[in-house]
């Protein structure tokens, strides 16, 4: 390189450093294509230097429109609605188009290349745990690798671990921008239908609630892999599209007690000569592990998924491992369970009621959804939220939007957490869900209510479709639904759309708790065709680090 060329290059690099564009341009070419991209980045910087132009700003100021057409203040709980700028009249399709035009897949990757070049980061593919949306692959978002100085997650496993897709800006991912755009539009349409153009201008805005990004996960399922022929296990998450386990012993989103349990189990398995399960050879002892933390005590309810038909088939290795666990950490474990599962497939647990065995400790751990609220009992066979701290804010929103004196039907109820949380202000509450283990947990929680309140609550082990068909919603004025990611079952949605003559004909308010935004979009459009209007919506980041949002949407008719 000539002296003159070197001088020009140094000038360009100096400019990029002062304007904040160095991380976008400084990449290490690993192929001809990346070399060409690096050259174009340097050339762009040179043109900006020659023209005196400044680098692209980091983002619009609060209250202004961002590139996707959604005001940043509309996506965060900051200023009151009357101070939010920008018209609410943009159609959903126009705003959605702006979101889709953004190159989200490459967001932050150039900066990540700089980190990779300096040895601070390594490349990795995104993935997820599958059941609760922790990973980015559920929505197709590529992992974002930014410069280390902006890392808010501070997790040593981020580059390799499939569990998290972003390590910063946890409340501003693609799905959250789309949720904001869609819900803002739906609420504006509802306001216009009621009050005309004046109502549209004053329509409420979608807000996003974000909790602590560290230590929030109090419920985790981990895969197990063998580390040696004669014992030893590795616990972690599957790499995307494979059964190769990535160990995450110092995971920053795990509750500290879960990381401690993983360390104790790993050492105990080596001592007891427990082998991890090999998917390829379909042999080994320990297949999966579930760890659930009781927040009040900090103790762990541990479940060992064992490659055996029953307790006898796991003898004596299971007993040896349990003994070693209790000896190593006598105050760590609330209880230790085994679930016996054999054969191929991706299911973690065997759902056979006889596949469970309690090896040590009490049957249930206790958790209150909100401080000072009713305590619920959870065995390892029951569904529970991974982020109970943030889910408590969803419970508070459901209570706020449940009308006083309403007759409430909760479908997809789990153990009845939402329904029982509003029972004191309702005329009556009927809960239902398909899991046959739920009624016992519901009954234990119900006993903690005042007698007159408990008398107004019931539970049926029925699917949502069967519950509606059997009249559980008959006479209800408010329905609470918390469906799985696929959204409302078609017969339930059809019944809610009917204006009269259906089993849900008396319902005047739907409180929809969504864990799958794509399904919520489809259901919201279908409900609008039946005369329902979205009057309120808010987002909750239950899995910071992932491209996932849970939404509470209120529909009135």
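Keep in mind that glycine also has a Cβ here, set from the backbone N, Cα and C atoms.
Per TrEMBL, active site, nucleophile is recorded for 515. Marked as S-adenosyl-L-methionine binding site by TrEMBL: 385, 412, 433, 482. The annotation compositional bias 'Basic and acidic residues' is assigned in TrEMBL to 93-103. The compositional bias 'Low complexity' annotation in TrEMBL covers 105-117. The compositional bias 'Gly residues' annotation in TrEMBL covers 124-138. Annotated region 'Disordered' per TrEMBL: 43-151, in sequence order. TrEMBL lists 1-25 with the feature signal peptide.
On the structure: features taken from TrEMBL.
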residue : record                               : Cβ within 10 Å
385     : S-adenosyl-L-methionine binding site : 22
412     : S-adenosyl-L-methionine binding site : 21
433     : S-adenosyl-L-methionine binding site : 25
482     : S-adenosyl-L-methionine binding site : 22
515     : active site, nucleophile             : 21
Nearest recorded site to the residue listed as 'active site, nucleophile' by CA-CA distance, among binding-site residues 385, 412, 433, 482: 482
Maximal Cα-Cα distance (Å) across residues annotated as binding S-adenosyl-L-methionine, namely 385, 412, 433, 482: 16
For the S-adenosyl-L-methionine site built from 385, 412, 433, 482, further residues of that chain with CB within 8 A of the site's CB center: 383, 413, 414, 417, 418, 483, 513
